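**Student:** Structure in C-alpha cells, see below.
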Amino acid sequence: MTDFQFSKVEDAIEAIRQGKIILVTDDEDRENEGDFICAAEFATPENINFMATYGKGLICTPISTEIAKKLNFHPMVAVNQDNHETAFTVSVDHIDTGTGISAFERSITAMKIVDDNAKATDFRRPGHMFPLIAKEGGVLVRNGHTEATVDLARLAGLKHAGLCCEIMADDGTMMTMPDLQKFAVEHNMPFITIQQLQEYRRKHDSLVKQISVVKMPTKYGEFMAHSFVEVISGKEHVALVKGDLTDGEQVLARIHSECLTGDAFGSQRCDCGQQFAAAMTQIEQEGRGVILYLRQEGRGIGLINKLRAYELQDKGMDTVEANVALGFKEDEREYYIGAQMFQQLGVKSIRLLTNNPAKIEGLKEQGLNIVAREPIIVEPNKNDIDYLKVKQIKMGHMFNF
C-alpha cells in the first residue's frame, strides 16, 4: 500500500490505555514481523480470542523484571539459544483455571499476573500462558516486541505487562508488508513500528539526570562543570558551561565526543584534540557557551574497537571501511542524550560549532533549535589529512581545505 501512513505513537498509546489491540512491527533486518499488542489489564477473553483467531501465533505475556521477581517466574531454560534471546519464563496457568487453554482461562491467567495481590503460589507451572521478561530500558536497549509491549503499557499509565501475538498469513507463513498494512486498515487498528517507539521515548522520556555542578578552572579560562548520568546505561557525561545561560537563546555550543587518543595523548591520527581546543577557545572568547563532552569514543564504537579500526587503517582501509569491517556503521553516535542535556541546562537555541552535518540533523530530530552552524577550523597535518578527506568525501563533513 503505497499511500499507507503509520499511526502516531500517541494514538497507539491511547488505544492501549483504552484496552484496544494495536499492531506493532519490528525492523526488516530483525524478525520483520507484526505482532498484536494489548495491555495485560485488558487481556479479556475477546482480545485473546481475536489474537488467536487472526494472529494464529503464540500468545505471550511480556512483563517487567519486577513482576517476574514478585511471582517467582524463572527463565524457561538455563542457556538461552533463541535467535533474539527472547526471555521466556516457564509457562504458567492460574490455579483457578481448568485446562488453562481457553480464551476465558488464558484471560484469567493474564489478568491475575497483574493483580496487586497475586503471589507465586497462585500459578501452576507449566501452563498455557508464556511470560516474557522485558529488558530494563525497554526498546532503547532491545528492539523487540517484548520490550515494546511493556513500554507501551507503561506509557499508557498501566501496569507493566501486556499480551503480544505474532501474526501469520492464511497460508501459514508470517504476515509481512503490505498485508499487515491492509489488515490494520481493514480493522481500523493503530499500527506503529518499534523504531517509532524508540524515537518517541528519546524525545519524551527523561533519560539523563544531572548529578553535580563544580567550578572548573582550565587553561582556557574558568568554566562550570555539570556532571550527568544516563538513567539506563549509567554512562557519565560532562557539560562545560561558560557564562550566563539564563535566557537560553543563541548559545554558542559544541557536542564533543570523547577521544582519549586525541584529547589526552595528542594523537595526530585525528583532529579531535584540535577541535576541542578550538571550541574551548572560541567559547572563552565569547564569554558564554557550552561544550558537551560525551562518552562516545571512536564515533560510538569504544576505545578498543577504535584502536582495532586504526589497525585496519594501517593495513590500507580508510576510517569508514574499517568501522564497517568491524561490524559497525560508519558513525554509531546518537544525539538524544546531548539534546536532553542542553534542555536541562536551559538551552533553547544554539549556534552549533561543528563540521558534521549528521550532528546537525541528529539534534534537529530531537527538537533542538539550531539557529546557525559555526565551523571548527583546524589545520590538517600529514598524519590526519587522508582521514579528514575521507570524512569530507564519504561522510559529508564540511571542511575548507
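Glycine is no exception: its Cβ is also placed from the backbone N, Cα and C atoms.
Annotated region 'DHBP synthase' per Swiss-Prot: 1-203, in sequence order. The feature D-ribulose 5-phosphate binding site is assigned by Swiss-Prot to R30, E31, D35, R142, N143, G144, H145, T146, E166, with sequence analysis given as support. The feature Mg(2+) 1 binding site is assigned by Swiss-Prot to E31, with sequence analysis given as support. What Swiss-Prot records for E31, H145 is Mg(2+) 2 binding site. Feature annotation from Swiss-Prot assigns site 'Essential for DHBP synthase activity' to H128, E166; the stated evidence is sequence analysis. Taken from Swiss-Prot, the feature region 'GTP cyclohydrolase II' applies to 204-401. The feature GTP binding site is assigned by Swiss-Prot to R254, I255, H256, S257, E258, Q275, E297, G298, R299, T319, T354, K359. Look at Swiss-Prot and you will find C259, C270, C272 tagged as Zn(2+) binding site, backed by sequence analysis. According to Swiss-Prot, the active site, proton acceptor annotation covers D331. For R333, the entry in Swiss-Prot reads active site, nucleophile.
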**Student:** Helix, strand or coil at T354 (GTP binding site), per DSSP?
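**Tutor:** Looking at the DSSP assignment, T354 (GTP binding site) belongs to neither helix nor strand, so coil.
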**Student:** Given the recorded positions H128, H145, H256, R299, R333, and counting only Cβ atoms in the protein chains shown, which has the most within 10 Å of its Cβ?
**Tutor:** H145
**Student:** Restricting to the region 'GTP cyclohydrolase II' (204-401), report the mean pLDDT as a whole number.
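**Tutor:** Averaged over the region 'GTP cyclohydrolase II' (204-401), per-residue pLDDT gives 96.
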**Student:** What whole-number distance in angstrom separates the two most remote CA atoms of the GTP-binding residues R254, I255, H256, S257, E258, Q275, E297, G298, R299, T319, T354, K359?
**Tutor:** 23
**Student:** Go through D35, E166, E297, our binding-site residues, and report the one whose Cβ sees the most other Cβ atoms within 10 Å.
**Tutor:** D35
**Student:** Specify the nearest of the binding-site residues H256, E297, R299, T354 to D331 (active site, proton acceptor), where nearness means the distance between Cα atoms.
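**Tutor:** Given the candidates H256, E297, R299, T354, the nearest one is R299.
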**Student:** Tell me which of the recorded positions H128, N143, C272 ends up closest to T354 (GTP binding site) in space, Cα to Cα.
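**Tutor:** In terms of Cα distance, T354 (GTP binding site) lies closest to C272.
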**Student:** Closest to C270 (Zn(2+) binding site): which of the binding-site residues D35, H145, R254, H256, going by Cα position?
**Tutor:** H256
**Student:** What residues, ordered by sequence, lie under 8 A Cβ-to-Cβ from C272 (Zn(2+) binding site) and sit at least six positions away in the same chain?
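**Tutor:** Sequence-distant Cβ neighbours: H256, S257, C259, T261, G262, D263.
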**Student:** Sorry to bug you, but what's the C-alpha spacing from E297 (GTP binding site) to H145 (D-ribulose 5-phosphate binding site), rounded to the closest Å?
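**Tutor:** Answer for this pair: 30 Å between alpha carbons.
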**Student:** Just give me the nearest neighbour of N143 (D-ribulose 5-phosphate binding site) among the recorded positions H128, R254, E297, Cα to Cα.
**Tutor:** E297
**Student:** Between E297 (GTP binding site) and the residue listed as 'active site, nucleophile', what is the CA-CA distance rounded to a whole number of Å?
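**Tutor:** Cα-Cα distance, E297 (GTP binding site) to the residue listed as 'active site, nucleophile': 9 Å.
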